[in-house]
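S.K.: Attaching a single structure in structure tokens format; questions to follow.
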Amino acid sequence: MKRIVIKVGSHVLTEDGSIARERMMALVELIADLKKHSYEVALVSSGAVAAGYTQLPLDRDDIANRQALAAIGQPLLLKMYQEKFARFDLLCSQVLFSADVFESDKHVSHAKVAIDTLLANNVVPIINENDTVSIEELVFGDNDRLSAHVAHYFDADLLVILSDIDALYDKDPNCFQDARRRAVVNEIEEEELAAEHTPNNEFATGGIVTKLQAADFLMKHGREMFLASGFELSDVKSFLIEGEHKGGTLFTSTKRS
């Protein structure tokens, strides 16, 4: 059985200032389908701040407010997931990590036992950073770094990032009509990793750079990452279920012909 981590970003899960319920439903349906095809799936989900904002519209530019919104929104987000997974007779669980959990072998070991047990019992772990006490991903990263660490330390074969960025291109496709998709990337240049990040929207804190940093981390540890659109899931379905690489970008240190 192949183990994967799927990370969905804020831009995919939010629409008009609240949770995009149809996109969330499509994501849950994808995970249910993957499980039928013998995948173990853990989900790293953003969206807590957006969910909290629907109940208390605080200024999101203030870090303390974002922490408060995340605290309000996290249980709301989980409830939405629980209702949708129940339609497929699936249980989901909430797993919150503090930023320093991956700095301790003991903490990683304990967390892995919990994740392994959940997956062995057909439960979908829904993972997020505990934004009330850990603010780095809340400020910058949109869980890209967290998802890479989850994939590595919990022995996933692949990290799938579903984003408003549907692939890596040789130049900015928003500015250049002749931009070409890079289907497979074996190495990321240092200047690509050091470029200034570009926030996606009012709820998102990442951009292509944090995704490249996640991919670079995984490739250096012998693991792979697939970047694809979270708005239209045909590319990720083709890649994971049909074994066809029609869209998106695969980051792998293994050269493929």
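Glycine is treated like the rest: Cβ placed from N, Cα and C.
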S.K.: Which one of SER46, SER93, SER98, SER104 goes with ASP131, ASN143 at the substrate site, as Swiss-Prot has it?
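M.R.: For substrate, Swiss-Prot names ASP131, ASN143; of SER46, SER93, SER98, SER104, the listed one is SER46.
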S.K.: According to DSSP, which of helix, strand or coil covers LYS7 (ATP binding site)?
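M.R.: Its secondary structure by DSSP: strand.
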S.K.: Could you round the CA separation between ASN143 (substrate binding site) and LYS7 (ATP binding site) to a whole angstrom and send it over?
M.R.: 8
S.K.: If you count other Cβ atoms within 10 Å of each one's Cβ, which of the binding-site residues SER46, THR210 has the most?
M.R.: SER46
S.K.: I'm trying to understand the geometry here, so how far is the Cα atom of ASP164 (ATP binding site) from the Cα atom of ASP131 (substrate binding site), in Å to the nearest whole number?
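M.R.: Between the alpha carbons of ASP164 (ATP binding site) and ASP131 (substrate binding site) there are 22 Å.
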S.K.: Over all shown protein chains, what is the count of other CB atoms within 10 A of the CB belonging to ASP131 (substrate binding site)?
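M.R.: A 10 Å sphere around the Cβ of ASP131 (substrate binding site) contains 27 other Cβ atoms.
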S.K.: Given THR210 (ATP binding site) and SER46 (substrate binding site), what distance in Å do their CA atoms have, once rounded to a whole number?
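M.R.: That comes out at 14 Å between the alpha carbons.
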